[in-house]
Amino acid sequence: MSARPFSTPFDRERRVRSTLKKVFGFDSFKTPLQESAIMAVVKGDKDVFVCMPTGAGKSLCYQLPAVLAKGITIVVSPLIALIQDQVDHLLALKVQVSSLNSKLSVQERKELLSDLERDKPRTKLLYITPEMAASASFQPTLNSLLSRNLLSYLVVDEAHCVSQWGHDFRPDYLRLGALRSRLAHAPCVALTATATPQVQEDVFAALHLKQPVASFKTPCFRANLFYDVQFKELIPDVYGNLRDFCLKALGQKADNGSSSGCGIVYCRTREACEQLAIELSSRGVNAKAYHAGLKASERTQVQNEWMEEKVPVIVATISFGMGVDKANVRFVAHWNIAKSMAGYYQESGRAGRDGKPSWCRLYYSRNDRDQVSFLIRKELAKLQEKRGNKPSDKATLLAFDALVTFCEEVGCRHAAIAKYFGDAPPACAKGCDCCQSPAAIRKKLDALEHSSSWGKTCIGPSQGDGFDPELYEGGRRGYGGFSRYDEGSGGSGDEGRDEAHKREWNLFYQRQMSLRKGKEAKPEEFTPPGEDCPLRDASSRKIPKLTVKAREHCLRLLEEALNSNHQAAGSTHGADLQAKAVELEHETFRSAKMVNLYKASVLKKVAEIHKASKDGQLYDMESSTKSCGAIAELLEPSDYDIPPTSHLYSLKPKRVGAGFSKGPCPFQTATELLGKSQTEKLAPEAALESEQEPSGWVCDPQDGDRSKPCLGYQEEAPGSRTNCGDPSPEKRTKGSSQGSAKARASKRQQLLATAARKDSQSITRFLRQRTECPPPAASVPSSEDASPCGDVPGKCTEEVGAQGHLVAVFQTECPRERLSTCSLEDQSLPKGQPSPLKETQAEKRPRPQQESQEKRAQKRLRPSTNSSALASDPSTENRVAREPCQLSAPGISLKEAADIVVRYLTPFYKEGRFISKDLFKGFARHLSHLLAQKLSPGRSVKEEAQSLIKQFFHNRARCESEADWHGLCGPQR
């Protein structure tokens with residue numbers, strides 16, 4: 001069908017202007033060049049090539065003539081999304097337009113094809129992709145239209161895709177030349193926004209455009225766009241810089257809170273889009289990500305919100321923007337360098353289509369540049385392996401190098417773009433950063449050259465011989481330097497071998513990495529239990545690598561086994577089987593230390609239950625629970641048996657203050673020597689009694705008779721408790737099993753205990769007379785934690801000899817008999833703090849009692865002069881008697897005190913209560929020395945440390961200088 005339905009030029013111009021007003025709603029054309037191009041297409045006697053910047057009105061150059069023509073115009077466009085935008089726009093103008101693509105439903109496709117089969121189709125424009133144009137399914141429709149002479153125009157949008165010299169080459173566009181040859185009688189219109197002279201020649205040749213071609217090309221210069229380049233290496237906060245740029249470009253917000261425009265930020269990767277959208281949103285700029293990784297519905301929603309300006313900034317990959325008709329885009333920012341100058345110009349040109357001032361910024365960094373360069377070369381290498389080398393391969397590198405030059409050289413940005421596209425240098429009039437402040441740009445580039453991140457490496461080729469004088473022996477072995485003379489002749493053969501070796505190594509490396517990918521250990525992630533989890537201590541991570549899911553599975557096994565057992569035994573009472581299963585599982589969990597042992601224990605219990613079911617017996621839960629608990633206690637090591645590394649320092653001989661002995665008890669009396677001599681006299685008799693009653697001096701926690709002697713004391717005041725501290729049954733069981741063997745191992749301890757049971761040394765004579773003098777309130781312990789070691793000596797104020805003898809007995813026996821003496825673990829030490837006395841026993845170190853008689857006598861005679869003072873001062877007596885059974889001994893090491901201080905002080909440091917780490921260390925050092933020097937009576941090191949820290953921060957928000965703790969006094973004794 002003829003595309004020239006008008007008889008005269010005047011009639012043609014009148015119809016064009018009338019359609020422009022009635023259909024498209026414009027009173028006049030945007031530019032004279034646009035009007036000339038439309039008139040040439042409407043005339044229809046030549047093929048037309050149109051090159052106009054984005055937003056200059058290219059689409060109208062073929063849409064208006066298509067509406068005036070009587071036939072159908074086929075429009076080839078590269079993207080379905082771009083096609084859909086054009087179709088929606090024309091449908092809003094009530095233009096009959098359709099798209100034939102793979103996303104149509106069966107019904108829509110059927111309706112479209114039936115319309116095209118009519119004698120006079122209603123469709124004026126038919127949009128297709130180049131793939132559809134070459135497909136076999138489209139050929140019958142095309143042949144039908146050709147045979148009926150219903151084709152008015154063939155329009156190729158984004159015609160630069162046909163050129164291998166272009167920035168967006170698509171091989172399917174090359175097939176359009178054959179389609180153009182079949183439509184020889186219909187004019188062809190090729191349109192693009194970017195075309196270098198080389199690309200323009202390729203378009204003419206590939207599309208078989210008839211000469212002479214009516215060419216309409218607008219200069220690429222756009223005066224309303226301001227171009228600038230920012231260097232990431234010189235910006236302390238790049239996200240903040242981008243935020244400021246966005247807010248400045250968007251301008252003041254309207255009364256309803258919306259911005260007067262919108263903006264686009266382009267990123268190279270999907271991950272960068274997501275990250276940048278989050279960073280901008282957190283800094284007060286509402287932004288959303290748009291990329292191919294999102295679902296189609298999500299992408300549509302984000303695009304619609306941006307079009308409606310609900311979201312002012314969209315962070316997208318380069319797939320966004322083609323065909324998006326939005327005039328008030330106030331800025332376009334590139335977070336990474338683009339792949340070509342043409343691509344950058346096309347993407348940045350989406351700003352300011354309304355002619356108002358807009359901004360285009362490129363964030364440039366050498367790292368981004370190297371990454372993009374690597375990807376370009378990698379893509380070229382793949383293509384060359386398939387099809388060989390082509391001259392057009394250089395075009396891709398040249399296009400990228402042009403953009404690198406655009407960023408790294410001082411010069412007008414608009415002039416650099418115009419030079420690339422073959423246009424004359426425009427009158428910039430301070431339309432870019434270089435023309436506005438060239439000195440500042442030079443200063444930035446100089447700073448980049450001297451920055452460490454800029455480095456020495458470059459993209460350009462190396463020297464011809466490959467010898468670098470700054471590298472050792474000129475660089476790579478065999479390629480330069482003196483080593484070159486030691487090997488055979490070089491040349492192209494050596495280079496070929498090097499390349500082959502490099503490829504072989506790369507393949508080997510990739511294979512090895514692929515093998516290791518599946519073997520990488522994944523970090524353990526503990527899944528917390530749900531709200532309805534029936535397990536006890538479900539959130540406990542006592543057993544490593546044991547998940548809650550595995551424990552629940554084991555619980556189900558136990559519950560099912562118990563259920564079958566009840567059915568097999570014919571039990572009728574409604575016992576809660578789940579509760580029993582939970583108890584069994586928890587006991588197994590407590591007794592096991594490893595996942596395999598836990599699972600084995602569960603399976604063993606299941607087997608026992610099944611065995612009971614097979615015998616027709618009801619499974620005995622109580623005996624199983626007791627045995628499991630006993631096993632748990634036997635297998636579970638005490639917190640005090642294996643001291644942490646920091647407490648091993650306590651095993652070393654410690655330096656103590658003047659006047660203190662080196663033994664476990666600092667106070668020794670002269671009466672201890674008397675006690676020793678009496679013990680030696682009674683040794684034969686004690687040995688005989690020890691044979692008859694070998695365990696009478698050991699407290700038996702299982703024995704119900706509480707009047708049995710403990711620690712060698714034969715009697716006790718009525719109502720008093722024999723076992724010190726009254727530990728729990730579990731601890732008593734554990735203590736008796738561990739302590740009896742240790743106690744029997746020492747014959748000397750048996751002798752001393754037997755001697756203590758003699759009437760001449762009975763403690764009852766001291767206890768009978770102390771009711772006359774009540775003890776001080778501070779020294780009275782609670783009824784539950786009553787201890788002979790803490791009560792008896794503190795209340796007795798008899799003669800000096802008796803008191804001294806009592807102290808001697810305690811000094812001899814308390815440090816040695818851990819299980820039978822005061823419960824240090826329960827009274828003085830919090831859980832997890834090992835006893836220094838027990839540490840001395842655990843390690844086979846020389847004991848003070850094993851020293852020579854002369855040294856022991858000398859040490860005991862030193863404090864003996866103060867025995868009268870001890871007898872006359874009740875508080876002193878109380879302290880002397882209690883201190884061997886508590887941690888708060890003046891001989892605590894500085895290392896132990898420092899460990900405790902750091903442990904309790906660290907949370908305050910993490911909360912920012914110290915302005916510096918040095919100040920934190922200084923205060924910890926000061927506090928450790930205070931604790932090591934003296935302690936309050938009856939308080940442990942941990943209690944004293946907590947008290948001092950609480951006192952220090954009571955009226956102080958932060959510790960700001962060393963002067964803050966100068967007034968902090970240590971504990972007073």
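Placed from the backbone N, Cα and C atoms, the Cβ positions cover glycine too.
The ATP binding site annotation in Swiss-Prot covers M52, P53, T54, G55, A56, G57, K58, S59, and the record cites sequence analysis as its basis. According to Swiss-Prot, the feature compositional bias 'Basic and acidic residues' maps to 840-856. Among the features that Swiss-Prot reports, domain 'Helicase ATP-binding' is placed at 39-213. Positions annotated as domain 'Helicase C-terminal' by Swiss-Prot, on the basis of sequence analysis: 241-398. Marked as region 'Disordered' by Swiss-Prot: 518-538, 679-795, 822-884. Sequence annotations record features per position, and here Swiss-Prot assigns motif 'DEAH box' to 157-160.
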Out of M52, A56, which of the binding-site residues has the smallest number of neighbouring Cβ atoms within 10 Å? A56
Residues outside the motif 'DEAH box' (157-160) whose C-beta sits under 8 Å from one of its C-beta atoms, at least 6 past its ends, are 49, 58-59, 75-78, 82, 166-168, 173, 190-195, 199, 203, 207, 322, 342
Enter the number of other CB atoms within 10 angstroms of the CB of S59 (ATP binding site). 19
Please list, for the motif 'DEAH box' (157-160), how many residues fall into helix, strand and coil according to DSSP. 2 helix, 0 strand, 2 coil
DSSP secondary structure for K58 (ATP binding site), reduced to helix/strand/coil, please. coil
Same-chain residues at least 6 apart in sequence with Cβ under 8 Å of the Cβ of K58 (ATP binding site), in sequence order, are V50, M52, D157, L191, T192, A193
List every residue in the same chain as G55 (ATP binding site), at least 6 positions away in sequence, whose Cβ is under 8 Å from its Cβ. A327, G349, R350, G352, R353
Residues sitting within 8 A of the centre of the M52, P53, T54, G55, A56, G57, K58, S59 CB atoms (ATP site), not counting those, run A193, T218, R353
Using DSSP with the three-state reduction, classify M52 (ATP binding site) as helix, strand or coil. coil
Going by C-beta under 8 A and a gap of 6 or more residues, the same-chain neighbours of P53 (ATP binding site) are A193, T218, C220, R222, G349
Cβ neighbours within the same chain of T54 (ATP binding site) - under 8 Å, at least six residues apart: A193, Q346, G349, R350, R353
Within 10 Å of the Cβ of G57 (ATP binding site), how many other Cβ atoms can be counted across all chains shown? 22
Can you tell me the mean pLDDT for the domain 'Helicase C-terminal' (241-398)? 87
